Amino acid sequence: MNTQLSRYQFIAVVINFLIFSSILMAPAITVVAAKQDGWLSMLLALVIGLLLMALYLFMFKKYNYPSLFELMDRIAGKWIGTLVNLLIIFYALHLAAMVVRNLSNFMVSSVVPYSHPWIYQVLTLIAVAYAAALGVKVIFLLNEMLFPFVVLFTMGSLLLILREFNFFELKPFFHTPPLEVFQGAYVTLGFPFIEILLLSAFLQFVEKKEKLRIVYLSGITIGGMTLAVTVFLIIGDEGAYLVARETYPTFSVMRDIEFFTVFERIEILLAVAWLLGLFVKITACFLVGMLGLKHLSKSTTYKVYIIPIGILVWAMSNHLHKTVMDFSNFVTTSWTFYWFSLYCLIILVLAVGILRKKHKMPASQ
Amino acid sequence: MKKANRTLKEKVVIVIVWFFSVGYAIGYLYDLPIFPVTSWLKAIYEPIYYGLFGGP
């Protein structure tokens, strides 16, 4: 299958990638530090994320959107380029494993208690591996088809929250000290606003490369604003005290909504949207790892790596963090700096390439 | 590419990937500390976080 993506398919994946990793947990993550000004933390994270990605895309465009892995080799040389590529592959697979773990944590803690997390991890990874085996275009096509439903479920869920919304819960506005607002923004900056740079590995497949930066940044803006509105509504619905004490406050709020007797326990709408979004995110990260391995081995296909990497992601999803508390603590304290390190490394490599005029050379050199 | 046409580099990468994946999975199943990347990352980044925002 010829891998040519449209800009709409790409922006849909960007929005999905951004929203559905964070929408259930973002309110709690931001509110723990920033209290009732958690929505401000999310907006701050969005602004910083946009600036970081704008710089990255500005430099990436100079090279005319090539394969990310080939670009690292072109600029940094064979050995350093290989090391950088190995790092990018590891980051992609690490993120895939964390999202798989997140999914199984959610299913076990909120949807089907007392079930075994392996069930959800293995089933998800089988679906991800199958999607990866069918090619890069398939996940973008699938997301294009599901995107309207996912948006409908999410927007519908957020509209239903308005019924119990109370401005009083958000007062006093701007009362939280700036450092605590920044602390709330710090966590959501890495998860998901810096992680989104992984999707630049798919820019090479987008058919029309005009205004691609605007498409990418627009997707980030739409996703970020949706998250900010979600945090705002959840705080206004439950209050900062309760939101900070729940792992999935969005889900909890949805669970309590009931009207006309017919509409109750509608949190499953958001859960379905979230699971679909997580599936797309895991597959995107998995595919980045596959593309990297394909490039490293100079192979014509990545299918031979699907099964071992699937096993690795499953094992990592369980072995990286023994408990949910350890998982949450790691994401809160280390995740943003960890991803910022990769961001700085890639920016450095791109900058060195621009200074050495590598962006003016043909791709073969 | 068919198996018969694989280069040496491809075969080496495939073997390494399989070894690492299976080794890591065995490490998880037998609770062995193989490639404890989380502790390495925590050792690097947690002090920075607590230095910035305070904490343990």
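Cβ atoms here come from the backbone N, Cα and C positions, even for glycine.
Noted in TrEMBL for the protein shown:
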TRANSMEM  A:12-33  transmembrane segment
TRANSMEM  A:39-58  transmembrane segment
TRANSMEM  A:79-98  transmembrane segment
TRANSMEM  A:118-140  transmembrane segment
TRANSMEM  A:145-162  transmembrane segment
TRANSMEM  A:182-202  transmembrane segment
TRANSMEM  A:214-235  transmembrane segment
TRANSMEM  A:268-293  transmembrane segment
TRANSMEM  A:300-317  transmembrane segment
TRANSMEM  A:337-355  transmembrane segment
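For the transmembrane segment (A:12-33), the residues of the chain that approach it from at least six positions outside its boundaries are 39, 41-42, 45, 99, 102, 106, 139-140, 143-144, 147, 150, 154, 180-181, 183-188, 191-193, 195-196, 199, 202, 215-216, 219-220, 222-224, 226-227, 230-231, 234-235, 240, 243-251, 270, 273-274, 276-278, 280-281, 284, 331-332, judged by C-beta separation under 8 angstroms. Beyond the ends of the transmembrane segment (A:39-58), by six or more residues, the same chain brings 26, 30, 33, 170, 174, 176, 181-186, 188-189, 193-194, 196-197, 200, 212-213, 216-217, 220-221, 224-225, 227-229, 231-232, 235, 343, 346-347, 350 to within a C-beta distance below 8 angstroms of the stretch.
Within the same chain, residues 12, 15-16, 19-20, 23, 226, 229-230, 233-234, 237, 253-254, 257, 259, 263, 266-267, 269-270, 272-273, 276-277 sit at least 6 positions outside the transmembrane segment (A:145-162) and bring their C-beta atoms closer than 8 Å to a C-beta of that stretch.
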